[in-house]
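For reference, TrEMBL has these:
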type     : residues : note
TRANSMEM : 20-49    : transmembrane segment
DOMAIN   : 24-504   : domain 'Major facilitator superfamily (MFS) profile'
TRANSMEM : 69-88    : transmembrane segment
TRANSMEM : 100-119  : transmembrane segment
TRANSMEM : 163-190  : transmembrane segment
TRANSMEM : 213-232  : transmembrane segment
TRANSMEM : 346-363  : transmembrane segment
TRANSMEM : 369-388  : transmembrane segment
TRANSMEM : 400-419  : transmembrane segment
TRANSMEM : 439-460  : transmembrane segment
TRANSMEM : 481-500  : transmembrane segment
REGION   : 508-538  : region 'Disordered'
COMPBIAS : 510-519  : compositional bias 'Acidic residues'
COMPBIAS : 524-538  : compositional bias 'Polar residues'
Amino acid sequence: MAKEQMQVLNALDVAKTQWYHFTAIIIAGMGFFTDAYDLFCISLVTKLLGRIYYHVDGAEKPGTLPPNVSAAVNGVAFCGTLSGQLFFGWLGDKLGRKKVYGMTLMMMVICSIGSGLSFGHSPKSVMATLCFFRFWLGFGIGGDYPLSATIMSEYSNKKTRGAFIAAVFAMQGFGILAGGIFAIIISAAFRDRFNAAPYEVDPVGSTVPQADYVWRIIVMVGALPAALTYYWRMKMPETARYTALVAKNQEQAAADMSKVLQVEIQAEPRKEEQEKAKYALFSKEFLSRHGLHLLGTTTTWFLLDIAFYSQNLFQKDIFSAVGWIPPAKTMNALEEVYRIARAQTLIALCSTVPGYWFTVAFIDKIGRFAIQLMGFFFMTVFMFALAIPYDHWTHKENRIGFVVMYSLTFFFANFGPNATTFVVPAEIFPARFRSTCHGISSASGKLGAIVGAFGFLYLAQNKDKSKADAGYPAGIGVKNALIVLGVVNILGFCFTFLVPEAKGKSLEEMSGENEEEQVPPELSEQQSSYSNRTVPYV
């Protein structure tokens, strides 16, 4: 049995990069494109929602979301994502990757559209509808994490596997970029068509009634890319590793991969033989083999996301703090959306997107471990460089320097642990637990995102309560909050030492699944014929 099983997996491991690899990256990557668009577009419209639904007559500043509403709108999708990662990760190992893959996409499409609809006109009903759909949107997004990573790792060859999984994740960068560019176009079009005075001149007139359409259009467009890839997702065959190693159907695995690789892979008749009892998830044997690995992948992802999401979701506050975005009262509502979108898009263009693709380029050359260590190290350096002389950066003449340093922390997050924490859990666990363990690791990351998003919201408030945002208690200030994030990155650096290096090794070698199985000698002769073929994916 090991022989034909090894033959089909070996064919995948040594296959040259082909067209089907790229189609798989696009199909899996569009999920991440949508994920990033949906998760980050909400940060563009929160200030607009505050102006529309929480306007206070006679107030000096425009309306803002109350702290509990702001926390709910920003955080509810994270709670959904965390639940989805655990549930769909487990389901992907139980039912197979392909069966579950379409479900997550349909949820994302339906809930993206639902997010832009409201039942009722009162602030409470609009926010309740938004939060309801964003929770289930997050649930679908959560399922995409373990499934896309596992599918891509199981489809890839061992030489370029890291780059392929990282490329799927890197589609997030384009999603963030698309969210920013689309918001710029929509807000600029509405601003020019429906001109309005700044808030300080005309508090009520500064928010035109049509602004209510702007945020709805921005959140609903997230459904488009996901809907466009649904058909191709449904056409992908189940991964050979799941079919052969988990479903125990070597003949089907060989037939599926023969079609994909366009190489004849023989599946010998199955021989009846006594199977060794396999250890279960969280059994003593699992913990002795993979316990430290799981601790490493969960802690590093948790610590990274505290730093990553606290920065990302509150970019607009940091930009305002250093004067990159003018005070809210000097702008009308649509001008504010335009300015925030422009600043976020600039950061994405200059640091976020390049960081992801640097990882794709180098992950199979210098390895996951080195990239993760380097990323945490430089994130720590730049966080402290921002925090310690923080007052220096707030002076008008030093603002560009602040934005450059801030961009560099993002660059090294993405050319670093943000990409590698996604790649590694898809490579180091056995096939029957792979999706579940990736789900556990990514859910731990989302827990960090929740800590980062909510913790930073309160921590970064001014020490003087009178200068803090309306409804918030006094915090420790942006400077001290950045120091805390620097310490978090140091911890991430330390926990990276628990994670093994998977560069250039097969998945079965990493997970210990073929410890007692040797590649049959006749296969070594076939390796060159597989690796020298480049055929299109049909």
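Backbone N, Cα and C define each Cβ position, glycine as well.
Small disclaimer: the values here were computed from a predicted structure and weren't measured.
Comparing 20-49, 69-88, 213-232, 346-363, 481-500 for CB pairs under 8 angstroms to the transmembrane segment (163-190), the maximum falls on 20-49. At the 8 Å Cβ threshold, with sequence separation of at least 6, the transmembrane segment (481-500) comes into contact with the transmembrane segment (369-388) through 3 or more pairs. Remote same-chain partners of the transmembrane segment (69-88), defined as residues 6 or more beyond its termini with a Cβ less than 8 Å from a stretch Cβ, comprise 38-39, 42-43, 46, 49-50, 54, 100, 103-104, 127, 130-131, 134-147, 309, 313, 435, 439-440, 442-443, 446-447, 449-450, 453-454, 457.
Residues 300, 304, 307, 359, 362-363, 402, 405-406, 408-409, 412-413, 415-421, 424, 479-480, 482-483, 485-486, 489-490, 492-493, 496, 499-501 of the same chain lie 6 or more positions beyond the ends of the transmembrane segment (369-388) yet place their CB under 8 Å from a CB of it. Summarising model confidence by region, the domain 'Major facilitator superfamily (MFS) profile' (24-504) averages a pLDDT of 87.
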